[in-house]
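Taken verbatim from TrEMBL:
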- B:78-156: domain 'Acyl-CoA dehydrogenase/oxidase N-terminal' (DOMAIN)
- B:161-267: domain 'Acyl-CoA oxidase/dehydrogenase middle' (DOMAIN)
- B:282-445: domain 'Acyl-CoA dehydrogenase/oxidase C-terminal' (DOMAIN)
- B:468-588: domain 'Acetyl-CoA dehydrogenase-like C-terminal' (DOMAIN)
There are 2 protein chains.
Amino acid sequence: MSYEAPLKEMQFVLKELADINAIAQHPGFEDATPDMVEAILKEAGKLASLVIEPLNNIGDQQGSRLENGVVVNPDGFKEAYQQFVENGWPGLHQPTEFDGQGLPFLMQSAVSEMWNASNMAFALCPMLTAGAIEAINAHGSDEIKKTYLPKMVSGEWTGTMNLTEPQAGSDLSAVRTQATKEGDHYLIKGSKIFITWGDHEMTDNIAHLVLARLPDAPEGVKGISLFIVPKYLINEDGSLGERNDAKAVSLEHKLGIHASPTCVMSFGDETGAVGYLIGEENNGLSCMFTMMNHARLEVGMEGVGLSEGAYQHALAYAKDRTQGYSPGSEGRVSIIHHADVRRMLMQMKAFTEAGRALAYVAAGAHDHAYQSTDEKVADFQRRRMDLLTPIVKAWCTEVAQEVTSLGVQVHGGMGFIEETGAAQYMRDARIITIYEGTTGIQAGDLIGRKVLRDKGATVSELIAELNEFETTLKAQSGDDFAIMSTQFSAALKAVTESTKWVLEKGMETPHSAGAASVNYLMLMGTVLGGWLMAKSALAAQREIDAGSTDEFFKTKILTARFYAEHILPRSEAYATTVQSGVGAIMDLSIENF
Amino acid sequence: MSYEAPLKEMQFVLKELADINAIAQHPGFEDATPDMVEAILKEAGKLASLVIEPLNNIGDQQGSRLENGVVVNPDGFKEAYQQFVENGWPGLHQPTEFDGQGLPFLMQSAVSEMWNASNMAFALCPMLTAGAIEAINAHGSDEIKKTYLPKMVSGEWTGTMNLTEPQAGSDLSAVRTQATKEGDHYLIKGSKIFITWGDHEMTDNIAHLVLARLPDAPEGVKGISLFIVPKYLINEDGSLGERNDAKAVSLEHKLGIHASPTCVMSFGDETGAVGYLIGEENNGLSCMFTMMNHARLEVGMEGVGLSEGAYQHALAYAKDRTQGYSPGSEGRVSIIHHADVRRMLMQMKAFTEAGRALAYVAAGAHDHAYQSTDEKVADFQRRRMDLLTPIVKAWCTEVAQEVTSLGVQVHGGMGFIEETGAAQYMRDARIITIYEGTTGIQAGDLIGRKVLRDKGATVSELIAELNEFETTLKAQSGDDFAIMSTQFSAALKAVTESTKWVLEKGMETPHSAGAASVNYLMLMGTVLGGWLMAKSALAAQREIDAGSTDEFFKTKILTARFYAEHILPRSEAYATTVQSGVGAIMDLSIENF
């Protein structure tokens, strides 16, 4: 099995759905010409197939391990990372000011998909670094920026995010790590857990961003500050100095992403770890929030990448494995001839394409929002991005659970054998609905901050667009479109009524919104996926009408039809559940569970 | 975490849904008095909690391994198995003729649930042995029965099923292992894969049942014969003789059930393995079919057991883990106070109870079918059992995927850490939708052999019963029941229309039935689960009306309401998909995937 980036599909989505050509008009994005986009995707695809994917199984089997205080990565990871750096991938979307290429986030999302599809454990290292760069760039002093960003943008150094403590997971207000001021710096003392790529030997230095509390800080989230704590202190001339008092003391033994060292980090075991303040004191949480949109969209992309990887893996097996007979075929057939295997593959394919469409559209909204010179456009796109972000994060990752599990199922008994590789996608995927805010947290964000807070203004704007689209879809002739239209209308009704319910009843009891939230989010994801699939089908039909005989377009229409027949009908089930509200959920006393 | 068998719930389901008291009236089952049932469940629960469950993590971590040709089991397994044997558990449902206790299969199912909930890898060993006993008892010669069955019924020896070969998985017609006659026995040569507990040192001997082909056998399934191949040959006086030429040559490295050795077996590497024919030559497949109902119901029970285990595990964590604030509570709360966590737990609980109800009802139908002296009753119950078997197997195991994955989600980041134990349920569960016939195979069996073959007679009988029940449910007053009634009626309509579609259109194109089959099966499972949950709620209401203040009954009603609000609505989505038939599934040419 070798992963091949679906270049044609990616280009289609970038152009037809995510508006890459309009994005390239924004100042700063002039380089994102169609030729450049094509060339970048092609090069990234090569690296993913030839260098990164071949390490995926090795990484899973060997894992990263802690030996004598040093994190040892699986064979080949350091070399692959060096090639990744030499080719300039860490800087793709980073500011030109710090020697990045300044290309759209949308482009970053497309190449991220490839890194995740080929080796998610590997992809996490630059992904976390990009998050750290963003926080430093938005809130760091000029000196800190000058010291760290060029090295991090080039990938010579990596970055980590140190948020979680044993008692502070989803609830960061419980953070206890301490920081005390000492001259121009702070001394950090405390323990952090679940620190992704918290230590490794792939680079000379690592910049840890650490949430901690000053001695007299207020309780709760308003008393948290953000610090940068380098693994090696940096001399005035920029050369590396002493080892800082910050180290990985153990690695977690995890279900998946074995190659990614998940560290327990200890800061200040001895004298205290030297750290420097990022942003204002006690304003650390809002510094973290800066990068949250990015990070959540990136995790959604992990879902898309893993889904694509699992799909390609299962497809290759289904074409190869001979078993049983099929109506209309002579002799034994490869299992892709069996209708139920075909159904599973179509389900994987349709979900993956819908997830990709939604994630790219959200990434495009991000670029418009930050880069458009038209304030109205920027405002509109920022609202859209804010609304879509929790949906992309949660829905694309929940979908990945289903897709990667189907990938195992397509393999039959072989899927349960680790050497086959199908199970790894499923194991790796199991973290993505959890970290960077669980599905429940995303759903709470969606229903609380994105729907209820502005009294439905943003979501109504989107629903209005869906209504317009319904008219367009209805007008398209042909059986495939008639089916899409029927199912889309039913789904749109489901989302409209459920949104009305949320706005009217979401605050009825203290738990109404919380009880309904995940089903509401899944409903939104399902319907938006159906919208974008149908929109893709219309674009494909235009190409066919214009004379194209490329099978890609016919395939796109059939996949959209499958989505309408097999996935969109779930919308009404989600809607019924949303509208049952808190129902029986909170009535059972805890002892009676 | 320590598993506790849900004794009250089990007794409730046995009595109210699965008809244990009527089953105890059948000749041979007189011992299954209410007192005896209670005592058996209690004792089994103790063994599960105190002896079997404590080995679940150890088994996962250590796994079984092959060392110098010998399978070494995890620490404690041999001792636990000996205690299991000393307490007489292997013989619970086995014929009294061979020193079994002859209790109903329904009782066996209930205790199986406990073995699976506490340690599925362990439970597989006696489960496979029971399958072998059944095949030998139904088709073996008197001499073979006399030689093997007392030892297997007592558990002194175990049994295995050797079906699969690399090229023959779901399609057994491709079996190539050879058998040649030599005097009173046969010499077997060939390789078998995926042989559960194919070798171990927990007992003195192992009886392998092996499918093989005689030299002049016809092609395909009509040329397969069944043989018994002991690990150690048996002398005329019953003592153990030479080592037979049958051995485990390697173990698979699997996603889950690590303690269960999944062997590649080699028969006849040297002189040929000595085997004895079971049943007629070339009739091996029908001998295997004998035990298939049992085995499929048992695997469904694995789904129920794992779901219960995962639920208890997640519940304990949700009660213990403090994180965040909740409306109406002061200070930080345990996460079970959060509405979305509560929703996940209710989903796990409702699914588990519905699966249990369905599996026990099917097991009860089995007992009626085999043991009733009233031929009409026996016929009716055999049809019912045949219809329910693929649904129990596939639906309860698919449900277990969702439940065990939710179990991980409830744990948040800790769910991804192996030491927590939540991920093991999910990993162990991933095989059960695959072995003993995949979900696709079960769905094909349901739609082809159980629905289309008798032109809907059996399924219509069941739907008629659901219609009667609808009337009863409607007549029950109270809000909870009104909700159940509304959702049940919608679900019943979905199943009625989909069944009509299957009967009318299922043969329309060669792939219609195959394309619709899994969604049809999932629809049936969902609706039957809703039926039995509502039936349970009515029984609970009767107890309340009769003056009971036991919270168990109130809880049952709320859980049934939750099922109606959160799970039953899926019925219509499945129905829409079923009725879209082959749709876009087969239109895409293989190259265009």
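If you go along the chain as it appears here, the first residue is 1 and each next one adds 1.
Backbone N, Cα and C define each Cβ position, glycine as well.
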Summary of DSSP states over the domain 'Acyl-CoA oxidase/dehydrogenase middle' (B:161-267), given as helix, strand and coil counts: 7 helix, 57 strand, 43 coil
Summary of DSSP states over the domain 'Acyl-CoA dehydrogenase/oxidase N-terminal' (B:78-156), given as helix, strand and coil counts: 63 helix, 0 strand, 16 coil
DSSP residue counts for the domain 'Acetyl-CoA dehydrogenase-like C-terminal' (B:468-588), split into helix, strand and coil: 95 helix, 0 strand, 26 coil
For the domain 'Acetyl-CoA dehydrogenase-like C-terminal' (B:468-588), mean pLDDT (0 to 100): 97
